[in-house]
C-alpha cells in the first residue's frame with residue numbers, strides 16, 4: 001500500500017514539475033517599473049502630440065483679419081520673428097533626428113517541406129527501432145512523448161533522417177539548410193518583387209548549425225547580393241532567436257535610411273539528432289521538425305501602403321545570470337559520448353519566471369489605462385500592506401487581437417492559455433502549427449501568423465503578440481499592428497490544408 005501511495009505521490013510531483021508556475025500571482029514590482037521606464041522614454045513624443053493638437057485647433061479659429069494683424073505685428077518685431085523661426089527649425093530638426101523610424105513588415109514566407117519528408121508516428125517509431133541505437137526503455141519513452149506531444153501525422157524530418165542508417169553529415173546538414181532558407185527566400189522575393197541586390201541588411205538565426213562560411217554568407221553567395229550588405233549570423237540563441245533577429249534588424253533600420261532588411265529564421269536537425277538513451281536528451285527528437293521563415297522589413301515610407309504590418313514593440317528578457325536558467329536547455333555529451341540537447345526538469349518553472357518578467361514589462365506598453373490602474377493598485381496594496389490580496393490579472397485580450405505563442409510543446413501552450421485566461425481561439429494558431437509542422441524552433445511564430453491570415457481573421461488595426469522563449473534562458477515578445485485587412489500571400493504554407501483546420505486534438 002505504501003509503495004502505491006509513493007508512486008502516486010511521485011506521479012503528482014512529475015506532473016506538477018511540467019506545469020508553468022502561476023506567474024501572474026507572483027509579480028515583481030521592479031518589472032512593472034521597467035515597463036513604465038519604456039513608456040516614459042517616449043514621453044516627449046506623447047507630450048508633443050497634444051501640444052500640436054492645441055496649436056492646430058487655435059490656428060483653425062483665426063480669420064483673415066486676425067492673420068493680417070499678426071503679420072503687421074511681426075513686421076515691426078524682427079527679433080521675435082528670428083527667435084521664433086530659429087526655435088521652430090531647431091525643434092523640428094531635433095524631432096526628425098531623434099524620432100524612431102517606423103519599421104514595416106512588407107511580407108514574409110514560410111518554408112513548406114515536400115511531402116516525401118513527412119513522418120508518421122508509426123514510421124518514426126519503426127525507424128528509431130531499426131537504427132539499433134535505442135534500447136527498449138528509450139523507445140517506449142519516445143512513444144509516450146509522441147502521443148502527448150500534440151504533433152500530427154504530417155510533420156517533416158530532413159532527408160538524412162529518412163535513410164537507414166541515418167546520414168548526419170556536414171554535407172547533408174548543408175543541404176537541409178539550403179533547401180529551407182532558399183525555399184523561403186525564393187517565395188519571398190517572388191511575392192514582393194524585391195531584387196536581392198536591393199537588400200541592405202541580412203540577419204540569419206540558427207542555433208545548432210553554424211558552418212564556415214556562415215549561413216548568411218551562403219545566402220549572399222546564392223543570390224549575389226551587394227558587397228556592402230550588413231550581414232549577421234546569430235547562433236546558439238534558441239527558439240526565441242527569431243524575435244532577437246527582428247530586434248537587431250529594427251536597430252539597424254534606425255541607423256540606415258531607406259533600406260530593406262531580411263530576417264531568416266530556421267533550425268537544422270540533420271546533425272543534431274540524438275542517438276543515445278538519456279531521457280532528457282530524447283525529447284527534442286520527438287518535437288523538433290523541419291521549418292524556416294524569411295521576413296522582409298523596410299523603413300521606407302513608400303512601403304507603408306503595401307506592407308502587412310508595422311512593428312510596435314520588442315521586449316526582451318534574459319535570465320542567463322541564473323545558473324539553473326542558463327543550463328536548463330544545454331547541449332552536451334551523454335556518458336556514452338553522444339551529443340544532444342538536454343532539457344532540465346526545471347525548464348517549465350524557469351520558463352514561467354522568464355514569461356512573468358517579460359509580460360510584466362510589456363504590460364504598461366500595451367494594456368489600456370484602466371487595466372494598468374487596476375493591476376498597479378492591487379499590486380501596490382499587496383506590497384505595502386502585506387495583505388492577502390489576489391493580484392489583479394490584466395486582461396491581455398484587451399491589448400491584443402491575435403496571439404502567436406511559440407509552438408514549443410502542448411504543455412506550454414496549455415499553461416499560457418490558462419494563466420493569461422485566453423480563449424481556445426487565441427491559442428488555436430499555436431496548437432494547429434504544432435500539429436501540422438511540429439516545433440520548428442524560432443520560425444514557429446511565423447507559421448502561426450500565416451495560419452491566422454489563411455483563416456481570414458486579420459483586420460486593419462488588429463494587434464498581434466508574438467511571444468517566444470529559448471535557451472539561455474530567454475523570453476522575447478514582438479508586437480505588430482496590421483496596416484490593412486491582411487490576405488494570405490501566394491504559397492502560404494497552409495493553403496493546401498487550411499480547410500481541414502482546426503482539428504480536434506486528443507487532450
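Backbone N, Cα and C atoms are what each Cβ position is placed from, and that goes for glycine too.
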So which range, 36-57, 102-123, gets flagged transmembrane segment in TrEMBL?
36-57
Which one of these stretches, 175-197, 198-220, 221-243, 244-266, shows up in TrEMBL as transmembrane segment?
198-220
Range annotated as transmembrane segment in TrEMBL, from 78-98, 141-161:
78-98
For residue 318 (active site), the closest of the active-site residues by C-alpha position, picking from 402, 406, 439, is 406
For the domain 'Beta-ketoacyl-[acyl-carrier-protein] synthase III C-terminal' (401-480), what does DSSP give as the number of helix, strand and coil residues?
38 helix, 20 strand, 22 coil
